[in-house]
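Before any comments, here is the structure.
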Amino acid sequence: MLLPRGFNRAVVTALGVVGTGTLVAAGPCDIYSSGGTPCVAAHSTTRALYSAYTGPLYQVKRGSDGATTNIAPLSAGGVANAAAQDSFCAGTTCLITIIYDQSGRGNHLTQAPPGGFKGPEANGYDNLASAIGAPVTLNGQKAYGVFISPGTGYRNNAASGTATGDAPEGMYAVLDGTHYNGGCCFDYGNAETSSTDTGNGHMEAIYFGDNTVWGSGSGSGPWIMADLENGLFSGSSTKNNAGDPSVSYRFLTAIVKGKPNQWAIRGANAASGSLSTYYNGARPNASGYNPMSKEGAIILGIGGDNSIGAQGTFYEGVMTSGYPSDATENSVQANIVAAKYAVAPLTSGPSLTVGSSISLRATTSCCTTRYLAHNGSTVNTQVVSSSSSTALKQQASWTVRAGLANSACFSFESKDTPGSFIRHYDFVLQLSANDGTKQFYEDATFCPQSGLNGQGSSIRSWNYPTRYFRHYNNVLYAASNGGVHTFDATGSFNDDVSWVVSTSFA
């Protein structure tokens, strides 16, 4: 793999002077270095984590021609150049192919290979993340995080300088505390080099979610826990630590660190306030965790054995050499707060109004008289006009509702079957009654953006943002621009996912 220049780093203390002579506040990895526990891996799609870093943050690949480009900070130590991504990806889709390591060690994260579990992509690889699934702003500047859907994962099984055996290390990640599930396992950190489960104590990674198969904290979750392999741990007990609270800050700082027979969990609101310690003590009281047998691979969004059931959103994170002090981590947290993470719009293009009734017309040349409709639970396209029957007009009419899982997006309720919504199931769109579950809410939430073919809107799945409303043989799917399903075919994709929205027929 050819990698670009620019991976040099500057080690500074409280402040760094960059080439222009401008005084720049220390980044997280500068702070860790000054504390004697330097970063050995530093990953972020949103910003530079060293004050002098000007190299690439991540790479995107576009669907139109397979070309790639690297996205760098706007300036040394700065926020990602999201405008460069937006320009490169205009009128097509983009995936995040590489998350570069800013530490200089080359510990880049790429598409995770198959392991104990296979991913959904060709040859058992995991999916890559959409480049636009997690927009944010940092100090008012737009950037994109990494939105992990089940099946998506990144990995490096040949990392350099990461902790092995019982060696000390620390790690933090900034996550979306509202995006999680109970699947295994949304992790960031140290894992097996074989992508298989090699036994207790062979991992040390941050976990976030509400899985209760192993450990848990207080309340109903989600929790920050440590994935130490064959267990998600909230403390010394293999089960519950009441001191590990449920946390759902929109921006969440999560910390795990470990050294011989001592480890800790810490957390905070990444937008304000200071860190709290949720656990600090001995290793779990089960065999295999003291001493640890860490292997030093790096994972994001998956379990050590490539378990792919989890979801979450990652903005930035690092791994260190040595066990960071609380004081060092407190300074890192202050830096994260100063970055001023904030939400950004999830939609673009023609606006929708909650409570309005709409119809959606296909724009593919074959099908411009066809509208998105349903026949029972099947969502399809049908030829509809002003002279159509009242029943057909109603089948092709939809009420716009606030997104059931995220009110920044939308859900679409059937006009003739109130209480039933368009949702995806196995990536087939269907009309289903709202059963009130978190899964239904997520599967029925969609985010319109400017139409990929320049007409109307393309309607993106909120929880699988690589996937869009697509008509294929007149049936509706949540389809990606290329993939393993027949309905993911790249031919006419932009046309098939672009819809002109109008006032409803009924």
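Glycine is treated like the rest: Cβ placed from N, Cα and C.
In Swiss-Prot, the substrate site is described by Asp227, Asn230, Gly304, His424, Phe427, His471, Leu476, Asp496, and among Asp210, Asp244, Asp443 the residue recorded at this site is Asp443.
Other Cβ atoms within 10 Å of the Cβ of Gly304 (substrate binding site) number 32 in total over all chains. Cys447 (disulfide bond) has a Cβ environment of 23 other Cβ atoms inside 10 Å. A simple Cβ count within 10 Å picks out one of the disulfide-bonded residues Cys39, Cys94, Cys185, Cys409 as the most packed, and that one is Cys39. Using CA atoms as reference points, the recorded positions Cys29, Cys185, Asp305 were checked against His471 (substrate binding site), and the closest is Cys185. In this structure, Cys447 (disulfide bond) is part of a beta strand by DSSP. In sequence order, Ala191, Glu192, Asp197, Thr198, Gly199, Asn200, Gly201, His202, Met203, Gly304 constitute the residues six or more apart from Glu229 (active site, nucleophile) in its chain with CB-CB distances below 8 Å. For the region 'ABD' (344-506), the predicted model reports an average pLDDT of 99.
Here the candidates are the disulfide-bonded residues Cys29, Cys94, Cys184, Cys185, Cys447. The one whose C-alpha lies nearest to that of Phe427 (substrate binding site) is Cys447.
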